[in-house]
Amino acid sequence: MTQAHTVTTISAESLRQTARPHALPDDAKWRVDDVAALFALPFNDLLFRAQQVHREHFDANTVQLSTLLSIKTGGCEEDCGYCPQSAHHDAGVKAEKLMALEEVLDAARAAKANGATRFCMGAAWRSPKDRHLEPVMDMVREVKAMGLETCVTLGMLKAEQAQQLKEAGLDYYNHNLDTSPEFYGKIITTRTYQDRLDTIGYVRDAGINVCCGGIVGMGESREARAGLIAQLANMDPYPESVPINNLVQVEGTPLAGTEALDPFEFVRTIAVARITMPRAMVRLSAGREAMDEALQALCFMAGANSIFYGEKLLTTGNPQADRDRALLARLDIRAEGYAG
């Protein structure tokens with residue numbers, strides 16, 4: 001899409017200073033209306049365009065395999081309506097202590113043996129206390145020493161904590177926006193949108209790659225999906241890693257029973273993310289358990305080039321590794337760096 005106006009993006013500093021993060025400037029690179037226009041393209045036209053953009057920057061027949069391990073499950077103080085790990089919801093997830101280092105390393109070794117090149121560690125905290133950070137940094141150092149790309153998601157960070165993680169060698173920090181600013185208050189009340197932008201700014205300032213995406217299928221409108229993508233695409237730079245999650249409904253959470261998103265709308269979201277953030281790793285994340293193989297293939301056509309791989313994605317199911325390998329083989333898609 002050719003833009004006649006001057007490009008304006010959102011810097012790390014302005015992420016922290018903007019009082020109304022949804023008030024994108026008139027000359028933003030991707031206005032919400034521009035993104036909505038992409039969503040409205042005929043399906044085949046949208047996928048064709050996304051595949052063209054994808055091929056300009058990536059091998060269209062290669063994906064990265066990522067594994068996500070919950071290193072500290074349950075008991076989170078936040079009230080995110082989708083999350084079974086929230087202490088506010090009765091979803092049957094018990095609070096657990098932080099995993100021991102050797103348990104994490106065993107999981108990382110298994111992930112690498114199964115072909116993963118990226119290992120993500122998630123802890124259900126509102127924000128990590130300083131005493132929690134040292135053991136997590138040990139995990140980062142040891143997992144990185146195995147030759148795996150490292151990512152953690154620990155909740156909100158302070159600037160000095162982001163710097164400590166950088167010094168430990170962390171490659172990526174994940175902190176999702178979840179949805180558009182306008183819809184956000186219907187999903188979460190214990191953390192503001194600006195809180196999220198602040199953490200992303202600290203991560204960026206520390207020199208850590210940003211992993212930031214969202215969740216669709218939470219009852220939001222297409223305009224809200226366009227608003228999420230616009231927020232991401234106007235960051236300067238936009239995130240290196242963009243996970244797109246399809247809501248996994250868990251009994252006991254407020255979003256259980258939400259009308260499911262049309263599968264083709266999910267594919268459209270992947271395609272729009274690819275077009276607006278052409279060099280990002282667009283990750284097909286939560287919700288794959290409910291997707292048939294044809295839908296996953298469409299997601300790859302739309303520009304997804306990473307999947308989360310293994311038995312569990314935090315506390316919800318994920319297709320088994322053997323099934324994933326079989327699907328990739330049928331599609332002649334190679335796993336990055338895997339010779340198995």
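Cβ coordinates are placed from backbone N, Cα and C, and glycine is handled just like the others.
Features reported for this protein in Swiss-Prot:
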DOMAIN    61-288  domain 'Radical SAM core'
BINDING   Cys76, Cys80, Cys83  [4Fe-4S] cluster binding site
BINDING   Cys120, Cys151, Cys211, Arg283  [2Fe-2S] cluster binding site
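Sequence features annotated in Swiss-Prot and their locations in the structure.
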residue: Cys120; record: [2Fe-2S] cluster binding site; DSSP (3 states): strand
residue: Cys151; record: [2Fe-2S] cluster binding site; DSSP (3 states): strand
residue: Cys211; record: [2Fe-2S] cluster binding site; DSSP (3 states): strand
residue: Arg283; record: [2Fe-2S] cluster binding site; DSSP (3 states): strand
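Ranked by how many other Cβ atoms sit within 10 Å of their Cβ, the binding-site residues Cys120, Cys151, Cys211 place Cys151 at the bottom. The Cβ of Arg283 ([2Fe-2S] cluster binding site) lies under 8 Å from the Cβ of Ser66, Gly213, Ser241, Val242, Pro243, Ile244, Ala304, Asn305, Ser306, Ile307, Phe308, each of these being in the same chain and 6 or more residues away along the sequence.
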